[in-house]
Amino acid sequence: MVQTYSQKANHNMRRPVVKEEVLHYMRTRQKQLDDPLKSLEDFAHQENIPIIQPEVVAYFRFLLEVLNPQSILEIGTAIGFSTLLMADCAPQASITTIDRNEEMIALAKDNFARYDIRQQIELIEGDAINILPTLEDGYDFVFMDSAKSKYIVFLPEVLQRLQVGGIIVIDDVFQGGDLTKPIQEVRRGQRTIYRGLQRLMKATLNNPGLTTSLLPLSDGLLMVRKNSSEITLLD
Ligand SMILES: C[S@@+](CC[C@H](N)C(=O)[O-])C[C@H]1O[C@@H](n2cnc3c(N)ncnc32)[C@H](O)[C@@H]1O
């Protein structure tokens, strides 16, 4: 039994930003997972471990097959579900993934030992804030799926290591819609995340060095393309 997550954790995952019936359609009508990813998804749901939702899985399949990235960085491995999905969709890519939670790291290691059949994945243990400065440059696809208040903190390091033309996908950026409200209407315990996400939007959405797009998939994806070698983040 996994200790890290409880049934009460991640309440924004249960606040869809599109109509329930549209969500149901997206989750049931698109191609379903096969094993081993299906079993990993079932395990994550059973243990309340937050992993990307089926509509994001379908979108990642499409996106990665189109982009054909060679060098992927992921911040937030959990049990390695999204890592193994990316390995499956981009079989030629090498993937670096970072996590700091010991319980998740142990599960991810076990899953990579079994299912990383092409040995594409390197798991780096520790806080991304300490790991990012030690990484080499040259990623062409980055998936940020970790502590939401920290996306804005990680972003400068990530952009520095991203090739021009490279893409960052940032998960869970709408806070179940709270992002659209004044801060007084947001639960006190959620306000640090709210402030971090507001800073993230301000730094990126109208930045002349970036092309961005917000997608209402799951709790919202922020897509960022790096258009030039020098990016100044707006504060
Ligand atoms: C939402 S889960 C990742 C799910 C995974 N990407 C998937 O879809 O299968 C978030 C993970 O990020 C990790 N995490 C959060 N903040 C982190 C940080 N500052 N450094 C490293 N890992 C972090 C947590 O330990 C957790 O395992």
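Residue positions begin at 1 at the first shown residue.
Cβ atoms here come from the backbone N, Cα and C positions, even for glycine.
Of the residues D34, D35, D145, TrEMBL places D145 in the same S-adenosyl-L-methionine site as I52, S82, D99, D127, A128. S82 (S-adenosyl-L-methionine binding site) is surrounded by 24 other CB atoms, counting those within 10 A of its CB over all protein chains shown. For D127 (S-adenosyl-L-methionine binding site), the same-chain residues that are 6 or more apart in sequence and have a Cβ closer than 8 Å to its Cβ are R100. Across the annotated binding residues for S-adenosyl-L-methionine (I52, S82, D99, D127, A128, D145), the two most widely spaced Cα atoms sit 20 Å apart.
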